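Take a look at the structure below.
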Amino acid sequence: MRKPLPADWLAPPDLKAASVAQREIAALCEMEDRFGPVRIVAGADTSMKWRDSRGPIHAAIASMMWPPRDRLPASSITAVPDIPYVPGYLGFRESPALVAAWEALPEKPDLILVDGHGRPHPRRCGIATHLGVVLDVPTIGCAKSLLCGKVEGDLGEAAGSIAPLVDRGEIVGVALRTRAKCLPIYVSTGHRISLESAVAWVLKLCDGRRLPVPIRMAHDAANAARRAAEHHGEA
């Protein structure tokens with residue numbers, strides 16, 4: 001049985017404590033493969049009102065069987081975060097709701113693709129790493145824009161082209177073109193998976209689109225939860 005998590009890992013009293021917690025979480029991130037056969041793969045995403053940094057957050061984890069890709073019921077949670085949006089501290093805003101969504105899943109996924117970064121973060125603790133370490137589950141970061149670092153070398157136009165994402169001399173992820181002539185996404189280790197395996201899984205799950213199927217499923221589920229809350233006057 002795992003030890004209880006430090007309270008600051010999900011609800012720090014201030015940004016100084018949050019920074020310390022992020023460094024503690026990052027130190028526990030495993031960047032090698034530590035998972036068995038993948039039977040269920042999931043996506044994790046959140047939704048909120050545009051430019052509403054203090055309003056409710058709608059978190060979803062959407063799962064599917066692998067390899068048949070049969071979809072399983074998604075788990076969605078609406079919660080009011082303890083802190084507003086602050087760049088670099090997204091994990092403390094989104095992780096508590098995503099953990100609640102995880103706990104409500106009747107069947108737990110073996111691998112989660114998270115809409116956001118893992119290691120490409122000033123303190124190496126993006127949302128994918130934050131969530132992965134808190135849950136002790138293999139996670140992959142899939143982000144649509146850069147938070148830190150820069151892409152080195154030329155990124156080809158063909159689907160499957162990659163280029164390293166480097167921050168302060170460390171390769172923290174890759175830019176990956178999942179579709180020919182489409183904008184790349186930024187793939188990184190979240191927890192308990194190597195960068196090479198993370199890229200391989202993303203390519204297997206993209207289905208000819210820019211974003212992997214599980215993340216698109218989670219995106220749809222989170223938006224549906226937000227619309228439902230708005231309809232009932234809860235958002």
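Note: Cβ is positioned from N, Cα and C throughout, glycine not excepted.
Unlike curated entries, TrEMBL annotations are predicted automatically.
In this structure, Asp45 (Mg(2+) binding site) is part of a beta strand by DSSP. Sequence annotations record features per position, and here TrEMBL assigns Mg(2+) binding site to Asp45, Asp115.
The site 'Interaction with target DNA' annotation in TrEMBL covers Tyr85. DSSP assigns Tyr85 (site 'Interaction with target DNA') to coil in the three-state reduction, placing it in neither a helix nor a strand. Taking all protein chains in view, 15 other C-beta atoms sit within 10 angstroms of the C-beta of Tyr85 (site 'Interaction with target DNA').
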Among Asp45, Asp115, the most crowded of the binding-site residues [Cβ within 10 Å]:
Asp45
If I take the alpha carbons of Asp45 (Mg(2+) binding site) and Tyr85 (site 'Interaction with target DNA'), what is the distance between them in whole Å?
15
